[in-house]
Amino acid sequence: MSNNIKVIVAGPRGKMGTEALKLIEKEENLTLVACLDRKNGGKNVGEIDNLPNLDAPIFEDPEKCLSEIEADVLIDLTTPENGYKHTKLALEHGVRPVVGTTGFTPEQLEELKQLAEEKQIGAVIAPNFAVGAVLMMQFSKWAAKHFPDVEIIEKHHDQKLDAPSGTAIKTAELIREVRESHHQGHPNETENLTGARGADSDGMKIHSMRLPGLIAHQEVVFGGLGQTLTIKHDSHHRESFMSGVKLAAEKVMHLEVLVYGLEHLLD
Ligand SMILES: NC(=O)C1=CN([C@@H]2O[C@H](COP(=O)(O)OP(=O)(O)OC[C@H]3O[C@@H](n4cnc5c(N)ncnc54)[C@H](OP(=O)(O)O)[C@@H]3O)[C@@H](O)[C@H]2O)C=CC1
Ligand SMILES: O=C(O)C1=N[C@H](C(=O)O)C[C@H](O)C1
C-alpha cells in the first residue's frame, strides 16, 4: 500500500465527489491536494458549505490545476464530457486517473487506453466501484454460459445523465464474451410503443428506469426452459462505492496501463 497518495478530486460538490472527500478525510494514506470544480475557483475546500473541512485549493481551470499542483491521482466524478477531458489531461500531466464517471464512448475509452500505454501511466476507469456490483457482473458472465437469453434492468435516481448506465453496458460486454450472439424474443415481435422492448445490445435487451428515491440498482434476469435466474445488486447509499475508490487510488500507483473495471484489481 502506498503511504501518502496526493489526490485531486474533480466534481467535489457532486453526490459522489462529496462522498470521495469524506473518504479522503478519514483515510490516513490519502491527502487532498486540490479540487477541480466548475465554480468556487480560488477558494479553499474548507470554505464551501456542506463539504468536509479539508485544506486544499479549488481550481476551475483543469490545465492550471494539473500544472501547478503536484499530485499522484486524479479522482474524476463529473460528467461524461468533462470526465473524458480531465482523464486525458491527467494522463498528459503524468497524474494517474481514477475515474468513476460513466458515459464515455468506446472510442474515447480506446484513446485513453492507448494514451496511458504510451505514457506508461496507470489509470483505472471503473463503471461501478461497489464490490457487490462487480460480483453481480461476474456472476452474470458465468450464468450467461448456461442461460444465453438475458435481459438487464438497471434502475437509478432521476438526476442521472447517461442511459443505459455504465454498469449495464459493462455487464452486457462481459456477457457478450461468453454468449453466442442471437436475437431474443419472437422473431416477429413488434413494438406498438417505441422503446417498449428496451435498448438492444447484440440481441440482449437493456431497460433503464429513472425515479426519485432510487440510488443505483441492477437486475440481470436469465430465462431458460421452465426456470428463470435473477442476479440483483442494490447500492442503498453512495458509501457503497468508496472502498472501491480507495482500492483503485492505491492500486493505480502500481499500474502502467489503463484498466477498465474494478474486477482487474480485486484478488
Ligand atoms: N463508478 C461508480 O461507482 C459510480 C459512478 N458514478 C458516476 O459518477 C458521475 C458523477 O455522479 P454524481 O456524483 O451522482 O453526479 P452529480 O451531478 O451529483 O455530480 C457531478 C459533479 O460534477 C461537477 N462538474 C461538472 N462538470 C465539471 C467540470 N468541468 N469540472 C468540475 N466539476 C464538474 C458538477 O458540478 P455542478 O454541480 O455545477 O453541475 C457536479 O457537482 C456520473 O457519471 C455517474 O454516472 C456515480 C456513482 C457511482
Ligand atoms: O449515476 C449513478 O448514480 C451511477 N452510475 C454508475 C453507472 O452508470 O453504472 C454506477 C452506479 O450504477 C451509480
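Placement of Cβ uses the backbone N, Cα and C atoms for every residue, glycine included.
The domain 'Dihydrodipicolinate reductase N-terminal' feature in TrEMBL is assigned to 5-129. Residues or ranges marked as NAD(+) binding site in TrEMBL: GLY11, PRO12, ARG13, GLY14, LYS15, MET16, GLY100, THR101, THR102, ALA126, PRO127, ASN128, PHE129. Taken from TrEMBL, the feature NADP(+) binding site covers LYS39. What TrEMBL records for 132-266 is domain 'Dihydrodipicolinate reductase C-terminal'. Annotation source TrEMBL lists (S)-2,3,4,5-tetrahydrodipicolinate binding site at HIS157, GLY166, THR167. Residues annotated as active site, proton donor in TrEMBL: LYS160.
Positions of the features from TrEMBL, shown on the structure.
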residue : record                                          : DSSP (3 states)
GLY11   : NAD(+) binding site                             : coil
LYS39   : NADP(+) binding site                            : coil
GLY100  : NAD(+) binding site                             : coil
PHE129  : NAD(+) binding site                             : coil
LYS160  : active site, proton donor                       : coil
GLY166  : (S)-2,3,4,5-tetrahydrodipicolinate binding site : helix
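Long-range Cβ contacts of HIS157 ((S)-2,3,4,5-tetrahydrodipicolinate binding site) within its own chain (separation 6+, distance under 8 Å): ARG210, LEU211, PRO212, GLY213, LEU214, ILE215, ALA216.
Sequence-distant neighbours of GLY166 ((S)-2,3,4,5-tetrahydrodipicolinate binding site) (same chain, 6+ apart, CB under 8 A from its CB) are THR102, GLY103, PRO127, ASN128.
Nearest to PHE129 (NAD(+) binding site) in space, judged by Cα atoms and limited to the recorded positions LYS39, LYS160, THR167, is THR167. Rounded to the nearest whole angstrom, the C-alpha distance between LYS15 (NAD(+) binding site) and LYS39 (NADP(+) binding site) is 16. On the 0 to 100 pLDDT scale, the domain 'Dihydrodipicolinate reductase N-terminal' (5-129) averages 98 in this prediction. Counting every protein chain shown, 23 other Cβ atoms lie within 10 Å of the Cβ of THR102 (NAD(+) binding site).
Neighbour list (GLY11 (NAD(+) binding site), Cβ cut-off 8 Å, at least 6 residues apart, same chain): GLY17, LEU36, ASP37, ASP76, LEU77, THR78, THR79, THR101.
Neighbour list (GLY100 (NAD(+) binding site), Cβ cut-off 8 Å, at least 6 residues apart, same chain): MET16, ILE75, ASP76, LEU77, ALA126, PHE129, PHE241, VAL245. Ranking the recorded positions LYS39, LYS160, THR167 by the distance of their Cα atoms from the Cα of ARG13 (NAD(+) binding site) places LYS39 first.
When the Cα positions of GLY11, PRO12, ARG13, GLY14, LYS15, MET16, GLY100, THR101, THR102, ALA126, PRO127, ASN128, PHE129 are compared pair by pair, the longest gap among these NAD(+)-binding residues is 20 Å. The Cβ of LYS39 has fewer other Cβ atoms within 10 Å than any other of the recorded positions ARG13, LYS15, LYS39, LYS160. Listed binding-site residues: GLY11, ARG13, HIS157. Those with a CB atom under 6 Å from ligand 1: GLY11, ARG13. Listed in sequence order, the binding-site residues among LYS39, GLY100, PRO127 whose CB lies under 6 angstroms from an atom of ligand 2 come out as PRO127. Within 10 Å of the C-beta of THR167 ((S)-2,3,4,5-tetrahydrodipicolinate binding site) we count 25 further C-beta atoms, all protein chains included.
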